[in-house]
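Per Swiss-Prot, the features are:
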type	residues	note
ACT_SITE	His75	active site
ACT_SITE	Asp126	active site
BINDING	Tyr55, Gly57, Gly59, Asp76	Ca(2+) binding site
DISULFID	Cys38-Cys104	disulfide bond
DISULFID	Cys54-Cys151	disulfide bond
DISULFID	Cys56-Cys72	disulfide bond
DISULFID	Cys71-Cys132	disulfide bond
DISULFID	Cys78-Cys125	disulfide bond
DISULFID	Cys88-Cys118	disulfide bond
DISULFID	Cys111-Cys123	disulfide bond
SIGNAL	1-21	signal peptide
Amino acid sequence: MNPAHLLVLSAVCVSLLGASSIPPQPLHLIQFGNMIQCTVPGFLSWIKYADYGCYCGAGGSGTPVDKLDRCCQVHDNCYTQAQKLPACSSIMDSPYVKIYSYDCSERTVTCKADNDECAAFICNCDRVAAHCFAASPYNNNNYNIDTTTRC
């Protein structure tokens, strides 16, 4: 399934739950969404990153439109590196499905020491991205852009 579609499906599921703070769920993209929620609080705050700039969401190409889009480019590159690790060679170790352990406290994400090598790498990709999102301004003009002309 396309990662962007999975993200939208996750958003619908979370919306149906009617909660603004969801504990980590057994699905990686929900975990990443919860990490973003930790660092950028607000009801479903992570949804606004699903179709931002040239790199946030499925795929990515061209030059990032701003600092936030650069966070997504770095995150994409981190996932590419994860897929090259021998420890992440199994289909169940794909960055899009691998489950990992982490904590969220006071807008800070910490990957737990009990993660295996692959889970630790992917958790760190997501942790760095979530903190990068929190440190980067969000420009509504870069949401749902025409990537064929701007990227």
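Don't overthink the numbers, they just go from 1 along the chain as shown.
Heads up, the Cβ atoms here are built off N, Cα and C, so glycines get one too.
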Tell me the Cβ contacts of Asp126 (active site) under 8 Å, same chain only and six or more apart in sequence, or just say none. Gln31, Phe32, Met35, His75, Tyr100, Val109
I want to check the contact list for Cys111 (disulfide bond): same chain, sequence separation of six or more, C-beta distance under 8 angstroms. What comes out? Tyr100, Ser101, Tyr102, Ala120, Cys123, Asn124, Arg127
Spatial neighbours of Asp76 (Ca(2+) binding site) that are distant in sequence (at least 6 apart) but have CB under 8 A: Tyr55, Gly60
Does Cys151 (disulfide bond) have same-chain partners at least 6 apart in sequence with Cβ under 8 Å from its own Cβ, and which are they? Gly53, Cys54, Ser61, Gly62, Thr63, Val65, Ile145
Here the Cα-Cα span from Cys78 (disulfide bond) to Cys104 (disulfide bond), rounded to a whole number of angstrom, reaches 21
Counting across all protein chains, other CB atoms within 10 angstroms of the CB of Cys88 (disulfide bond) number 21
Express the distance between the Cα positions of Cys56 (disulfide bond) and Cys71 (disulfide bond) as a whole number of Å. 8
Can you list the residues of the same chain, besides Tyr55, Gly57, Gly59, Asp76, whose Cβ falls within 8 Å of the Ca(2+) site's Cβ centroid? Cys54, Cys56, Ala58, Gly60, Ser61, Cys72, Gln73
So which disulfide-bonded residues out of Cys72, Cys104, Cys118, Cys125 end up within 10 angstroms of Gly57 (Ca(2+) binding site), measuring C-alpha to C-alpha? Cys72
Write down the Cα-Cα distance for Cys88 (disulfide bond) and Cys132 (disulfide bond), rounded and given in Å. 24
Under a criterion of Cβ-Cβ distance under 8 Å and sequence separation of at least 6, what residues of the same chain contact Cys104 (disulfide bond)? Asn34, Met35, Cys38, Thr110
Smallest Cα-Cα separation from Cys88 (disulfide bond) among the recorded positions Gly59, Cys71, Cys72, Cys125 is shown by Cys125
Tell me the coarse DSSP state (helix, strand, coil) of Cys56 (disulfide bond). strand
Cβ density check for Cys72 (disulfide bond), other Cβ within 10 Å (all protein chains) comes to 22
